[in-house]
Amino acid sequence: MLKSPRSASTSRNSIQLSRRNLGGPSDLLRDCHCYTVLLQKDHLEKYAHLIRGCANNNGFSEGTSVHGEITEHGLERDRFLGNLLLQMYGNCGSIRDARAVFDGMRDRNVFSWSLIIGAYARNRKGNEALKLFRSMLHDGHMPDRVIFVNIISVCASLKTLAVGKWVNSFISTCGHASDTVLGTSLINMYGKCGCLEQAHITFKGMHTHDAISWTALISSYAQNGSYNEAIHFYYEMKKKAIVPNRVTFACILDACADKAAVIQGKCIHEDVKACELEGDIIVGNALISLYGKCGELKTAQRVFHKMCYRDVVSWTALISAYAQQGKYKDALRVFETMLSRNVMPDKIAFLIVLSTCSHAGLLKQGYDYFNSMKHVYHISPGVEHFNSMLDLLGRLGRLKEGETMISEMPLEPNATTWMTMLGSCAIHADVERGEHAANCVFKLDPENPTPHVLLANIYASAGRWEESKRVRQRMKDMGLRKQQGHSIIEVNGQVYEFTAGHFSHPKTTEIHKELLLLKIQIKDMGYVPDTKAVLHDVDEEEKENMLLYHSEKLAVAYGIINTAPGSPLCIIKNLRICNDCHSAMKFVSKLVNRKITVRDIVRFHVFKDGVCSCADYW
């Protein structure tokens, strides 16, 4: 029996119709001339018309009124209307009401199952969707194409690879192995689960490929950091005369941005122009992000100003571009301009702004923006916003205030909260607070090696070598390994990666010769290796050797060898640049007369003529 989630005695006058498709309720009733026509069982299509209007226009309250009339007049058992109600409640995001309708249905068909599973899938209730899928199979119903797409989407969002593979096998059993839509969904799922080989196998097994399936493959490789493969498939797609769409361009531009592959990015930008998609907001936002992450601020500005329409993502991308370049005042100016244009900030925009205040050391402005979230823009700060404020306090050495913020925040502190506090303790050599923060991270994220490394470094900085060794030994006993430093550099359109202390590159000999020569030359200029950055109980000579082979130094040496004299170099590092490398880069930039840009996890450092754009604060 279909039970209304609202009172069946709802006034007839509360029935509202879709204004876009149906006009006002009184218009429809006047067209019918007699309201009682709606109460006859042989006029089911009139109710269907009403429900569809509510479903298409998110008319939840109107839909419940219609549902009440259906129940009141004995039409609640009709499967046709039941499915429409399922669709309406699902579209309106009311899972509870959709489930009540579904559970009350005596005669469900595949469409009924498809609607309820889709409703759970769209509303991020993946586990419930999987339970319903199993129940459907148990009841003897065979899934249709829509159900398969929804279940594959659930497997992707939950990263349940084993279930996804079983669904893939089931699809093949049902004879849908070559279906383009299902194949594309499977590629996306395998990509989200990090199973690139299976994504490629699925792609090759499809009889036909369109722009959407190619984009799914490119996106799978891009989101898993396989930049070179993503670029390869992009050009393979072009060879097949498949025209990239806006999503293709957004995916491949994001991949270029993550690897700072600005040369490739500019080539793809030309393809964007050829496809006349430069004005598209999704592609435009990806271009701003690309140039911002590659340090080409002026180009990012040009793209931004050429856009016909800008949303909050466009503004946030430009704010981020300024902030990463260390132009914090300009970043906040752009944010204020955005507000003056009546573009409402979202949580991400505020996160970028608070991070900007943190790196600029702007305590009062940081608090002002943070407080405005709730009191002006009615946005409840998330734990990530509290963490940004904690970072701001920590950078300024206000660790006691940071402790107070953690104890008073209305949300449960997460591992990042305590990692932020631990990082601040490492900077300011606060052993006692560092121990407490580290212990909190150990409980919340026991498999993370970073808190062990930071605590060991805090002990080492305080000269407590035995305790430092004990922490490192415990880390080793747990099977945890320190995150290695990686740096990448783009040379002649190709991306090369270097790892600290690794000597597997084909040009290792030349790189090491160049590094030794640079070390001698910059020492003559006044460079002194900052051996305090090496927190191991070894002699000074060994510490200097360890510093020499940091990943960004290997990348710079390779760039100097393989590019024209005077040409700029751009390196991306996965960790924060250490004090010694920062100092060395300043000397090297002056020695070789080059602009050297290093993007670490904090910001851009632009070294030129012996000076860094960060003014030695990062």
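Even glycines carry a Cβ here, placed using N, Cα and C.
Annotated features, as they stand in TrEMBL:
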REPEAT    109-143  repeat 'PPR'
REPEAT    210-244  repeat 'PPR'
REPEAT    311-345  repeat 'PPR'
REPEAT    448-482  repeat 'PPR'
DOMAIN    526-618  domain 'DYW'
**Request:** Quickly jot the same-chain residues contacting the repeat 'PPR' (210-244) by Cβ under 8 Å, restricted to those at least six beyond its ends, or write none.
**Result:** 180, 183-184, 187-188, 190-192, 194, 196, 199-200, 203, 251-252, 254-256, 258-259, 261, 264, 268, 271, 275, 495
**Asked** Can you count helix, strand and coil residues in the repeat 'PPR' (210-244) using DSSP?
**Response** 26 helix, 0 strand, 9 coil
**Message:** Under 8 Å between C-beta atoms and at least six residues away from its ends: which parts of the chain pack against the repeat 'PPR' (109-143)?
**Reply:** 79, 82-83, 86-87, 89-90, 93, 95, 98-99, 102, 150-151, 153-154, 157-158, 160, 163, 170, 174
**Message:** Averaged over the domain 'DYW' (526-618), what pLDDT does the predicted model reach?
**Reply:** 87
**Request:** Determine how many residues of the repeat 'PPR' (448-482) DSSP places in helix, in strand and in coil.
**Result:** 25 helix, 0 strand, 10 coil
**Request:** Quickly jot the same-chain residues contacting the repeat 'PPR' (448-482) by Cβ under 8 Å, restricted to those at least six beyond its ends, or write none.
**Result:** 415, 418-419, 422-423, 425-426, 429-431, 434-435, 437-438, 441-442, 532, 535-537
**Request:** May I have the DSSP-based helix, strand and coil counts for the residues of the repeat 'PPR' (311-345)?
**Result:** 26 helix, 0 strand, 9 coil
**Request:** Tell me the residue counts in helix, strand and coil for the domain 'DYW' (526-618), as DSSP assigns them.
**Result:** 38 helix, 16 strand, 39 coil
